[in-house]
Each structure stands twice: as structure tokens, then as C-alpha cells.
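Contents: one structure, followed by commentary.
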Amino acid sequence: FKGGDTCEYLLSSGRFLGEKVWQPHSCMMHKYKNSEAKNCLIDKHVVFIGDSRIRQLFYSFIKLINPQVKEEGIKHGNIPFEDKSASIKVDFLWYPEVNGSMRQRIKSWTEGSVTKPHIIVVGAATWSIKIHNGSNEALAQYKINITSIAPLLEKLAISSDVYWVLQDPVYEDMLSESRKMITNEKIDAYNEAAVRILNSSSRNSKAKVKVFSVSKLIAQETIMKSADGLHLPESSRDTNAMILMNVYCNKIMKPIDGSCCQPQPPLTLIQKIAFCFFTLSIFGYLIISLIHRNNYRKNKSCTDLESGEEKKPAISTPNVSTLEMLLHCFCKLGLIMTYFYLCDRANLFMKENKFYTHSSFFIPIVYILVLGVFYTENTKETKVLNREQTDEWKGWMQLVILIYHISGASTFLPVYMHIRVLVAAYLFQTGYGHFSYFWIKGDFGVYRVCQVLFRLNFLVVVLCIVMDRPYQFYYFVPLVTVWFMIIYATLAVWPQIVQKKANGNCLWHFGLLLKLICLLTCIYFLSYSQGAFEKIFSFWPLSKCFELNGNVYEWWFRWKLDRYVVFHGMLFAFIYLALQKHQMISEGKGDPLFSNRVSNVLLFISIVSFLTYSIWASSCKNKTECNELHPSVSVVQILAFILIRNIPGYVRSVYSSFFAWFGKISLELFICQYHIWLAADTKGILVLIPGYPMFNVLVSTFIFVCVAHEISQITNDLAQIVVPKDNSTLLKRLLCIAGFFSGLHFFSAMQDQSRH
């Protein structure tokens, strides 16, 4: 299903999502703000020609530029509008009939060196029906007049955007006596005549007058709400004006969430190099596979015709070489990246806007929770936050976040605040997991650091190259990467304090607490000193990684939003491991974590805390104010959940294998959703099967999950090759990686220079 000409679809087809949200067929419509509209129309002249319906469209259009405009102009006369700050002129010219006067006005723009308007919007018919009492002679004259105007419009369409607005249906029961002759049958006849003549004329011309027929579809759904049966309600007029703005401005402004009328972006130099690399990898793998297959056939056992016995091969099948495994991984990755590009960069598949309803979010949540509970198994170990439990935790959180994204639930503040806690919980696990590893193992070697950094960043680096996106665009990976390095630096810097050393002398515990206090002080200072934070991340090469749209504000905002939760995770790990070491908790199978009395009290406090946070989050009225409080209070619900999940022995001894499976590929799921499940960089929804929303979600989800699982395996395989345990070999690989990034930076600089 090709996306096709999205401009044509935008002007001619679509449907309502709910009551007020218009969804064009196959593409996404951007909601323009006043500042964006002004930037698009700067130094432009727009003209609306027609009757009272066109005047309504004119007012809705100029309100996109200046919302303070009031509909106070002369009803049956010309109305000028000018925005001097952006040098925008928008005029309404009163020509209620398609006649000689309208023709003369249009002709004046085609003659000599007269400045032509950049956008011309024309439409009229109801006055002709009304004045001539719906006579057939009036329709015949209308056809003659349009036939004479069509060549002039075609001539203007060479240098200007010309739109002919078809007549909207009327609500006949509400029409006044003086308008009873304006019937939908007559309107259809006039529209049919206009379309036939304009299409016939455009076949003989290089330029084309665009027929604005989508207004008819919108009117069919909303004309019942009209005040007089003839004029559209304000919401419908605003939708038409927004469509007009998208048709003209999307190719200029290129909004991410406005795929309608946007041309396919040209391939960058880096994308071309990546394409060549993956193509060579595919051919290289096929050649090596064919060679191995032929060798295997030669050495295959064969039957001795004399004895009838099977001879053994002299040479066994060779093991898969490192080169073959490397090419195999890149071959699969190349095919997957092709799918990524086709989904979200080529205009091949359709895209649609998100539309939130409570049912679209909560019904899938209930469904996956039922599935998760159904697949319950016993854990291998019963420790607090054991591996199966943390995988399960990541899994159900990731599934909830995915549903949150595809349903557009960010518009509903209570859901948004709870999802913020889930993101914080991921970072809490980052602090808990990495602190526990370094504290227990005492392994601060380069191999461990490189393994973690590779697994976290491999997919994102590839996507930055293939999808032409900055590193900071995939904000969560930079976030966990930086926090991992902060945890590493905190524990690795002199004096290195680990559990083995601290067991010999309790004073080392105070030394570690002192380190954690220093870390907390630095976090507090940077969170309230935007200037200092931006200076740190504005130095090259950090600026190349953390800038988005030319500055690091977005990075500072993301970091600040969950600034304390990693510290909370580290502190929780320290306290838990200390309690475990001194045998102050019971982690046996089926045993409560503490004594029955203490367990019951803690369980009660945890449940109350959990519910209290949910009530507070659900009563939030202002996103900015709630975001300010979130970093300090999110840990309440996280700790409450951990205690509820781990204090009862039975609950701690079981886990959901369904959620745990998704938890193992949670990072890949989070990143892949940007381009092959959602669309337009998460702003919309990918449509593989138009017309069947549920079936489309099932198919795209199946492919998306399979791809995420495959990428997880590819990353694990490549990590073994690219990051070897041998230090000398690892050093060589690191030099190669440094060379790769140097080359990437060089080509990026060339790319930026050519763009400028």
C-alpha cells in the first residue's frame, strides 16, 4: 500500500477521529501555531475570492496568524488583513458569483508585470442558485463562466498555488425560506460541473488548479450543528483552514508530525555510505556461505557402490568463522535497517495521527496484565530484585509505555505522571544494578565498561546513521549511558571502596557514604545551574552528542526530570546489601522478608504510600508544577512497589515469564518503536494495512517485536566480537572504533557544509 500523493489525499479524503480531530487519508496533519504560520507565510500575499462561505474560511485562516482578529468586516464587501511584523497580506474579495466580474479580477493578475498572489482560494455557487431560484439556465451559465475562468486559473497556477473550493452540503431542514431553493441536489450538480471543467482544462496544461473537496466531507459530518443550515460551525471552518495551511506550509516548514505534502528527504552522504556498507555485507555473506556450502557438499558422506556402506567424510564441517558471523550479523542488520528506512523515511507506507481515548489505553493494559498473570512460574532464586524479577519489572513497564505511546495518552495528565514513574523506575534499576555489580565484584576493568557501552549504544548509533537523526533524539539511551559513567566514576575514583574492602573495616562504609553525598551535591548543583550544565555539555565532542536543534536545553530538561532517582537506586542497593550481609532480612523460599510484625507494618505503609502517590498524580492539574515535584517524590512509589513485590515470601518466589521475556529486549523495544511501530519519529502511527486499525496494530506489532528480538541477538553476537576480553585485542578494537567515529564526524562535517 503506497502512500501515494499525500497532498491529493489531504485535499480530498479523510475521516474524523472522535468529534473534532480530522485524520487525512494516509498522512499526518500538523497543528500550526501562530509563530509557525507567520514563519511560513512571511512576505506572502494570500487572496480568498468568493461568497460568505469563503469569507468564513478567510477569517479562520487569518486567526491562525493572529487569534485576536474579530469577524467585524463588511459582510458583502472586500476585507483586507495585514500582519506588518511578518509582511503578510491576506485579502478577502467579495465575488459571490462566478461571472464576468470575477473573471476580470482574476485576469488582472495574469496581465503584464502585476504582482501575483502566492495563494489564491476561489469558490462560489450558492448565490447563483439562490438568485436564479435554482434554474437550469443558471447552471448552464455557471458552466460557461467556469470554462472561461479555468484557463486563467491554470495560468496563475504556474507561479502560484490555486485552490478551487467545492460547495459544502447544506442542512435543508434549517434553511430559511429565502434559501430553500439551495438544495444538496443542486449543489452536487454545480460541484460536478466545476470538477469536470477544471480537470478537463488541467489535462491540457502543465500547471494544475487544486480542487479543495475535503471540505464537503467535513461538512457532511458537522453541518447539522450549523446555526442557519448554510454556514459551517466554527470547528469545521478551523479544520479547513488548518488543512489549507498544511497543504502550503508543510513543504516549507517540514514539521515532523506533518507528513502530508512533504517530499521524501534526499539521502545524505552518510546514509549512502551506510547503504553501500550493508549491501557489501550482504554480498560478502552470500559469497562466504556459498563457498562453505560447496566445501560441505564435497566432504559430504557418500555410499560405496561395491560394499553398500556409507563412507565417513575425511574432513568435518568447518566451524563458523568470526568473519562469517560478523557478515551474517551485518547482513541481517542491513535488511532490518532497510525496513526501518522504508517505514519512516520513504513515502511508502501510510502514517496517521494519534488519537487518545480512555478505552484505547486502559483496555490493552488490562489485556496484557491478564496475559502476564497467566504465565506465572517459580523463580530460580528468591532474593530481592533477582534477575527474573527485574526482567519482569522491565517487561511490564515497557509494554505499558508502548501502549502509552501508541494511544497518545500523554495528553491525559494522570497517565503521563504515572508513566514518568515508570521511566524513573528504569533509571532506578540502572543505579541499583550497576552499583551492586561494582560493589560486589570490584571489577572496574575496561572490558566491563566497553561491554555495557556497546550494548546500550550500538542500535542507536546505527539508527543515527541510517535515519539521519542526532544521538540526543533517542534521549533515553544517552540518559542511561551518562548515568552509567557517573556511577562508574563515583565508585572507581580513588579510593576505590568495594564490599570486600569494607568488610575488613566498617569505616570504609562511611567513606562510600561520603562519596554518595558528594554525588548528590553535584546533582543538586547542576539541576539548579542550567548555565554550568550547558557549559559542560557544550564542549566538543560532547556537544555533537547532546545537542538537539542547536542547543542542549532538551538534554538538560530530560536529565533534570529524573535527576535523583539513580542516586536513590544506588543508596537502596547499598542499604539492601548491608542488611543482607548482616543477615537482617530473610530471603528463603516462602519466608517473609522481615519478622511477621515488621513485614505487616511495612506492607501496610507501602500500600498506603503507593495509593497516596497515585491519588496525588491523578489530581495533577499543571504539568510543569508536577514535573518540578516528580524528581523528589517518584522514589516513594518505586520503593513502595519493591516492598509490596518482595516482602511476602510467595510473591517474591514467583514471576511472570511473559513479562520477563519482553524485559530482556526492553531497550530494543523502546528504541525500535520510534520508526517501525510508531511513525514520523513517534509523532504518529505506522499504517501497513489501511482501513483495519486493529488488524494493522496486530501485524505491525508482530513485526516490531520480532525485529526488536532479532536486533537484541545481533547486538549480543557483535558484542562478543567487537569487545573481546583480551586487553591487547580490545585496545586495537577501541582504536578502530575511534577511527570509525572520526570518519563519521568528518563526513558529518562535509554533510553540514553541503547543506549550508
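Here the Cβ of each residue, glycine as well, is placed from N, Cα and C on the backbone.
Averaged over the domain 'NXPE C-terminal' (22-72), the predicted model has a pLDDT of 94. According to TrEMBL, the feature domain 'NXPE C-terminal' maps to 22-72.
Feature annotation from TrEMBL assigns domain 'Cas1p 10 TM acyl transferase' to 253-734.
Look at TrEMBL and you will find 273-291 (among others) tagged as transmembrane segment.
Under the heading transmembrane segment, TrEMBL lists 325-343 (among others).
Same-chain neighbours of the transmembrane segment (355-375): 17-18, 21, 23, 392, 395-396, 399-400, 403-404, 407-409, 411-412, 415, 656-659, counting only residues six or more beyond its ends whose CB sits under 8 Å from a CB of the stretch. For 355-375 (among others), the entry in TrEMBL reads transmembrane segment.
Annotation source TrEMBL lists transmembrane segment at 395-416 (among others).
The transmembrane segment annotation in TrEMBL covers 446-466 (among others).
Marked as transmembrane segment by TrEMBL: 473-495 (among others).
Annotated transmembrane segment per TrEMBL: 507-526 (among others), in sequence order.
What TrEMBL lists as transmembrane segment is 561-579 (among others).
The transmembrane segment feature in TrEMBL is assigned to 599-617 (among others).
Here TrEMBL flags 659-680 (among others) as transmembrane segment.
The transmembrane segment annotation in TrEMBL covers 692-711 (among others).
Among residues of the same chain six or more beyond the transmembrane segment (731-750), those with a C-beta under 8 A of the stretch's C-beta atoms are 269-270, 273, 450, 465, 541, 544, 722-724. If you look up TrEMBL, you'll see 731-750 (among others) marked as transmembrane segment.
Here the transmembrane segment (395-416) sits apart from the transmembrane segment (473-495); fewer than 3 CB pairs are under 8 Å, leaving out pairs fewer than 6 apart in sequence. Through the fold, the transmembrane segment (561-579) approaches residues 384-385, 420, 423-425, 427-433, 435-436, 439-440, 479, 483, 486-487, 490, 499, 509, 512-513, 516, 519-520, 523, 526-527, 585, 627, 630-632, 634-635, 638-639, 642 of its own chain, all at least 6 residues removed from its boundaries and within a Cβ separation under 8 Å.
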